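Copied from TrEMBL, the annotated features are:
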type	residues	note
TRANSMEM	A:12-34	transmembrane segment
TRANSMEM	A:54-75	transmembrane segment
TRANSMEM	A:95-116	transmembrane segment
TRANSMEM	A:128-151	transmembrane segment
TRANSMEM	A:185-204	transmembrane segment
TRANSMEM	A:216-235	transmembrane segment
TRANSMEM	A:319-343	transmembrane segment
TRANSMEM	A:355-373	transmembrane segment
TRANSMEM	A:405-424	transmembrane segment
Amino acid sequence: MLDTFMLSRIQFAANISFHILFPTITIAMCWFLCYFKVRFDLSGHPMWMRAYRFWVKVFALTFALGVVSGITMSFQFGTNWPGFMETVGNIAGPLLGYEVLTAFFLEATFLGVMLFGMGRVPNKVHTFSTFMVAIGTSLSAFWILALNSWMQTPTGFEMRDGVAHATDWWAIIFNPSFPYRLTHMLIASGLTASFFIAGLSAYRLLKGDEKKAPRVALKTALVVAAILAPTQAFVGDLHGLNTLEHQPQKIAAIEGVWHTEKGAPLVLFGIPDEEQQTTHYAIEIPKMASLILTHEWDGELQGLNEFEGNHPPVAPMFFGFRIMVGVGMLMIAASWLGCWFWWRKRELPSWMYRGLIAMTFSGWIATLAGWYVTEIGRQPWLVTGVLTTADAVTTVPNTSVATSLALYLTLYTVLIIAYLRTLLVMSNRAIELEEYQSPTATAIQSSAINAEAKA
Amino acid sequence: MSEAQWLPIVFVGLMGLAVLLYAILDGYDLGVGILLPNDNEQQRDTMIASIGPFWDANETWLVLAIGLLLIAFPEAHSEVMRELYLPTAIMLAGLILRGVAFDFRAKVALENKRMWDHIFRAGSLITSLSQGYMLGMYVMGFEYTAEAIGFSILSALGVTAAYAYIGAAWLVMKTEGELQVRAAKWGRRCGWTCLAGIIAVCAVNPLVNPAVFEKWFTFPFVVAMGMIPITCLAMFAIVDRVLKKVPLPDDFGCWLPFVCAVIIFVLCFQGLAFSFYPYIVPGKIDIWQAASAPESLMFILYGAVIVVPVILAYTAFSYRVFWGKATELKYY
């Protein structure tokens, strides 16, 4: 059987991969909800309320999965990686603490008012609560990415007796890779939520839902995606340059640069072979990697040969990065095409609806691929230059870890199936609702809206 | 007193507050989950509606408590988590199941709703049992002997009964009619089990831990420690009398059982906390040995001093919004 170290790594990867699926939707989706709610407050048009009402239910379900899988995460450090807190606890602890104090309580408490409080509080307070939840989810991303970025590019500390001590909190939070990683992740969440909303709305429209709500939701999501997708390519490039400066071995693995060279080609695709230190069947654009990363045709790129024994495994980095970029390109194309059709014809051809349905969870693929690149790319370190992953692992017997891992995997499989099925049930149910006739909400309609609001 | 001396005391106090609030708050919603009846869907709906707006924030106190242990006492955190590895995993599975069942039950097709109700109850039960088991193991100093395991199983049942007790008291306060009468009946039954559990822990704890024995039975502490069981007993008696009379005319004093249950929780927690202080891992690691660096604790303390009152304020706001009897659970 695998040893405690490998099992713990797999367990951590499984837990965090499952967890990220849900926040990556909810962080941005809550801002969509704010938008729907504000549009309703301003116009009084029931279609905005309809859109809010449908998506807030999806939000509640997704958020619940995020919360419970997040609780698991908070226990992982202690159960499987005690060396992490023992070595860098003085820094990681306060960052996690601030996440709980400023973000978790805010979102959890106002979520109650947002979901169930509409009839009980003035409308303004309800809109305010929606904003508080959105701020909470985004703050949570702020703190956890501050910690993750610090693990990638640690600054603002000194080592005393093998334990990290904070010297400058500003430098710890705003460490060199943090602004890039935070922006990259927030936009990733925006894209994930956009394609998620677009996909489910397209499904409803294709199934003959003729109400206005799915149409405005689809339009909003397409416009947001069309803006964010190219922005993400630009931010991603900046993030890459930042990584080149601070973690060149990561870039070397991503690009498959085996030996330091000038005018390195951009490998579009190939099969990296770590043993023979070469990429088979490589399709290359000459000098392009050097141009992108150094902005010079003959710029020098450090190769993996300079980081022997100290660089991440090449294959997952190489493929993960290409999957992420590929999905990103697809997102640019799909969102622009969708917007063009909408602008010209006020609707999409049915093949386009099908395409968007197929891309409902494209954000998950890109996000996971991107996180695998950045996290595997830090190996063999847990905290770059400070603590290796192998040194942080627990002494718990491997049978215990195997048991807990089996438990989690079973649970996650069941839950993901239940989640997807429930989304389908909710969408089908929404299709069958009747449309409101009048363009503005009246008192009678408000009560009709409430009557249908039963969870 | 230097920072390195008083900061750990402040943080163990904060952590204690988080644990206590968690036990009370998630205690009642876990209890409601455990009590879900098989035979009445409408009652299940009302019961779950009564905890709907709160459960998420309630669970956050657990994240804060475990977070504070991690932040302020990393060494103790590692030790405790290593010893309780499997019970922790099982508890997390329980928490996951009930958290999602809550949402799934409201959104799936009707024929599946019953299944999610079962999962909700099972998840609540698994969570309570494993928390009680962990408490027992903690009191016994993580020994894997037959007596320790036996005691921990007893503690698991005791904690589960206590959660069901406060859950029933919550229902008496938040519901009316037939369900309220039913909840009162559940509450009385759980009350006696709970009392037996507390007496058992009180008897065993000083016997297995000589340090605890010494602390409890020296003057002036013996007076204070004597007060705890006497007050608890009085509370149980009051609650039992009130529950016997439910439904009360004009619903007078429907909140009394819940308040008394909270007092019982506070007193029991006080008793346990007093027994072990200043140890964070009983008999092994004290709070000063386990504490993080003072500069890190100061950094988080600044934030906590500002943020914790704000959290308490908006928690109070949320309870005010959903004041009164639970109504049908509607989105908006």
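Cβ atoms are placed via backbone N, Cα and C, with glycine included.
Sequence-remote contacts of a segment are chain residues at least 6 beyond its ends whose Cβ falls under 8 Å from one of its Cβ atoms, and for the transmembrane segment (A:216-235) they are 32, 35-36, 47-48, 51, 54-55, 180, 183-184, 187-188, 190-191, 193-195, 197-198, 201-202, 205, 328, 331-332, 334-336, 338-339, 342, 356. A contact between the transmembrane segment (A:355-373) and the transmembrane segment (A:95-116) is absent, since fewer than 3 of their C-beta pairs, 6 or more residues apart, lie under 8 Å. Residues 7, 10-11, 14-15, 18, 21, 58, 61-62, 65, 72, 200 of the same chain sit 6 or more residues outside the transmembrane segment (A:405-424) yet have a Cβ under 8 Å from a Cβ within it. Beyond its flanks by at least six residues, the transmembrane segment (A:128-151) meets 23, 26-27, 30-31, 33-34, 37, 88, 91-92, 95-96, 98-99, 102-104, 106-108, 110-111, 113-114, 117, 121, 172-178, 181-182, 185-186, 189, 378, 382-384 of its own chain at Cβ-Cβ distances under 8 Å.
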